[in-house]
Amino acid sequence: MLLDSNEAKISALRIISRCNELAKITCEDIGITRLYLSKEHLIVNKLVGQWMKESGMSVWQDAVGNICGRYNAKFICSPAVILGSHLDTVKNAGRYDGILGVLSGIEIVYWLNKKNIRLELAIEVIGFGDEEGARFGITLLGSRGITGTWKNKWLSYTDNQGISIEQAMIKFGLNIKNIYQASRDKKDIAAYVELHIEQGPCLEQENLPIGVVTNIHGARRFKCSFIGESGHAGTVPMKYRKDALFAFAEWMKYVEYTTIKKNSQLVATVGMISCNPGSTNVIPGIVNFSLDIRGPQDIMLESLSSLLLKQGKVIANNRHLIFEYKEYYRTSEVICDSILRNILCTSIQKIQGKSILLPSGAGHDAIAISERWPVAMLFIRNYRGISHNPEESVDINDIALSLQAYSDGICNIIKKKAEY
Ligand code: HGY
Ligand code: MN
Ligand code: MN
């Protein structure tokens, strides 16, 4: 075991204090919001880069704004096992989503370095710059830099101030001509193992601090609109109205009922809505909104999305409105690598007596990385699974236990991978 319980506790205390320090780097007066290519992103990269350096890593910021650290193996050019997660947040976020995984990876390297241990493979820790997609709408822009699957068309995507990714990159100090320099050779990476808060209730229900992820659910995201006719709130009789908000409300009831009825693993969320023109005394003529659906299999997502979108059309027709939608994001289910999973389960059993396998309803950078390398994820229990919420919290003892399991798992994965 790389870490004994005292060392794990020292690291857990440092992780908590660093999460609190990073939580102060936000673009809002209250709450934590840290967006890709923002000035807060740059500040966090510098601070996390310094912590990486102090733990014994060589550090660089790559061509898409990820902060990367490398702890060499016995042989300089050995491939690496990548640890890490994301440093960006959603709006009004919690302080552990993503951050905990990056800081935990740094702690593993800290103790290897302190104990003068060099492994058969290198360890790299990456703080990805954009997993949430909270600024530009598309997600995994950091991890897709590593996999070399960046699309040039993304450069023209804009945030709600009309700033494009291209403009934001230039302001951040990146050269858009170099984006492909972030992509890594297949042979340079052996595996990716991410520690992340569960953001769900399973571990708490099982009364276990840590679990291993079986699969990451797929996702579909749509921009939708009900288009009716705005009118005078006082004069238009109800039966003559083309009220976009009532159509939306009727559709929302259908979304909830149909998703629940179809399958307990399916979820559907309308997280953003704008009602236009947005005056008390005007009948809403247009309602624009987002639709985010998740589920374990593409076929389930396919059938749920077609049901919901078809019903949007039916409701619009019945009310003499128009229903429009555009899909702008999709990821398929990712199955975590079984060899890596089994090694992590063995480490967890050592720590907590039993291991548990569970799905991830949330998306992670592992989705992008899995397109080129084997991935695995460890989940740590977080209070009531609350996440994307300032109430997000993690128990310090769970952090210490997860560090012992994570470090033991990584050392064993490296041993296994070095046999190849
Ligand atoms: O939305 C998600 O699943 C993740 O938090 N980006
Ligand atoms: Mn998140
Ligand atoms: Mn996350």
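Just so it is clear, glycine is given a Cβ too, placed from its N, Cα and C backbone atoms.
Note that the coordinates shown come from a computational prediction; the quantities given were computed from them, not determined experimentally.
For Asp97 (Zn(2+) 1 binding site), other Cβ atoms within 10 Å of its Cβ number 26. In the three-state DSSP assignment, the secondary structure recorded for Asp97 (Zn(2+) 1 binding site) is coil. What TrEMBL lists as Zn(2+) 1 binding site is His86, Asp97, His196.
The Cβ neighbour count for Glu132 (Zn(2+) 2 binding site), using a 10 Å radius over every protein chain in view, is 22. In the three-state DSSP reading, Glu132 (Zn(2+) 2 binding site) counts as coil. What TrEMBL records for Asp97, Glu132, His388 is Zn(2+) 2 binding site.
Annotated allantoate binding site per TrEMBL: Arg221, Asn281, Arg294, in sequence order. DSSP gives Arg221 (allantoate binding site) a strand state.
Filtering His86, His196, Arg221, Asn281 by Cβ distance to ligand 1 (under 6 A) retains none of these binding-site residues.
Ranking the binding-site residues His86, Asp97, Glu132, His196, His388 by the distance of their Cα atoms from the Cα of Asn281 (allantoate binding site) places His388 first. It is His196 that, of the binding-site residues His196, His388, has its Cβ surrounded by the most other Cβ atoms within 10 Å. Ligand 2 lies under 6 Å from the Cβ of the following binding-site residues, listed in sequence order from Asp97, Arg221, Arg294: Asp97.
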